[in-house]
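Per Swiss-Prot, the features are:
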- 1-25: signal peptide (SIGNAL)
- Asp142, Asp164, Asp168: Ca(2+) binding site (BINDING)
- 149-171: repeat 'PbH1 1' (REPEAT)
- Arg222: active site (ACT_SITE)
- 261-287: repeat 'PbH1 2' (REPEAT)
Amino acid sequence: MRFSRVVSLVLLLVFTAVLTGAVKASLNDKPVGFASVPTADLPEGTVGGLGGEIVFVRTAEELEKYTTAEGKYVIVVDGTIVFEPKREIKVLSDKTIVGINDAKIVGGGLVIKDAQNVIIRNIHFEGFYMEDDPQGKKYDFDYINAENSHHIWIDHCTFVNGNDGAVDIKKYSNYITVSWCKFVDHDKVSLVGSSDKEDPEQAGQAYKVTYHHNYFKNCIQRMPRIRFGMAHVFNNFYSMGLRTGVSGNVFPIYGVASAMGAKVHVEGNYFMGYGAVMAEAGIAFLPTRIMGPVEGYLTLGEGDAKNKFYYCKEPETRPVEEGKPAFDPHEYYDYTLDPVDDVPKIVVDGAGAGKLVFEDLMSSK
């Protein structure tokens, strides 16, 4: 009976994947980008809680019990978890947090502090927008916040309109990949680097981050904004329109920004501004920006790695050395660019929560 039930579940899983265009996923999947880079303490790069106990959670209390437990865990968010009151919880090292059954975290955020080796996949985050604090000055809630942590992979998650950051990377965090995520109606999407006053030598060795195949829809700024470190931004789709249903900033301002000597390479991305009418009126989206009391470096891909810009302002760039990328990502990891003309369809179809089906979890449930 047990075998028959498992076979039936797997067949249902495959059939559902075919109908919905879902992607088969595994707990053994590896990230692309800086999260894959091996170090002495993590020779295989980011593997999360692989090999640890698999637990299914359905309440905020159950989720926090395992995110704050010592040791390896694969934590499966089954359905919707609502935090009341709204709050953030801590995530310790060696955790994989994945969602099934349209997993949502409502009114809750994850703080990865003084930790390493964390994976978060296939979860929809919402409910952190506070009407009395549209600029995030009072509550400072982030959906995901990494502080003094390394080797983190955030994949196939959706983030909807929070007060402060959707994914913020601070306090010298390092070796992080944000991939195949969807950001909707958010203002300050993703900040890398805590402040201009961080130690430049220490910060310059940290903050290695990859963003690839993400969908930024009607967001305002920081997609991402990087201080000090290195960021590789490739094959993302920026679809900029009016941010509706919220107070605060309404029109998108800029996409990728580099400050405080950061080295940022941007390639194979598709930037779509507000449209012809707005562009003709002089209101246009700035796809890349150089910022800060100390300017950063930012370069654009060439040839097959070119970006595409529609109804945008002229992108701002600043090379470290003329004719060369700000840094060469291939020196750190292997990756393959999708053709830029294919990016909108690939990313819209594939990014965000609810797109992954974990076959290796079916027999564990």
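A Cβ is built for glycine as well, from the same backbone N, Cα and C atoms used for every other residue.
Note that the coordinates shown come from a computational prediction; the quantities given were computed from them, not determined experimentally.
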Local backbone state of Asp168 (Ca(2+) binding site), from DSSP in three classes: strand
For Arg222 (active site): DSSP state (helix, strand, coil): coil
Remote residues contacting the repeat 'PbH1 1' (149-171) - C-beta distance under 8 A, at least 6 residues beyond either end: 23, 25, 31, 35, 39, 42, 45-46, 48, 112-126, 128-130, 133-136, 139-143, 177-186, 188-194, 207, 209, 222, 245-246, 351-356
Neighbour count (Cβ, 10 Å) for Asp142 (Ca(2+) binding site): 27
For Arg222 (active site), nearby residues of its own chain (Cβ under 8 Å, 6 or more apart in sequence): Gly165, Lys188, Val189, Ser190, Leu191, Ala257
Among Asp164, Asp168 [binding-site residues], residue with fewest other Cβ within 10 Å: Asp164
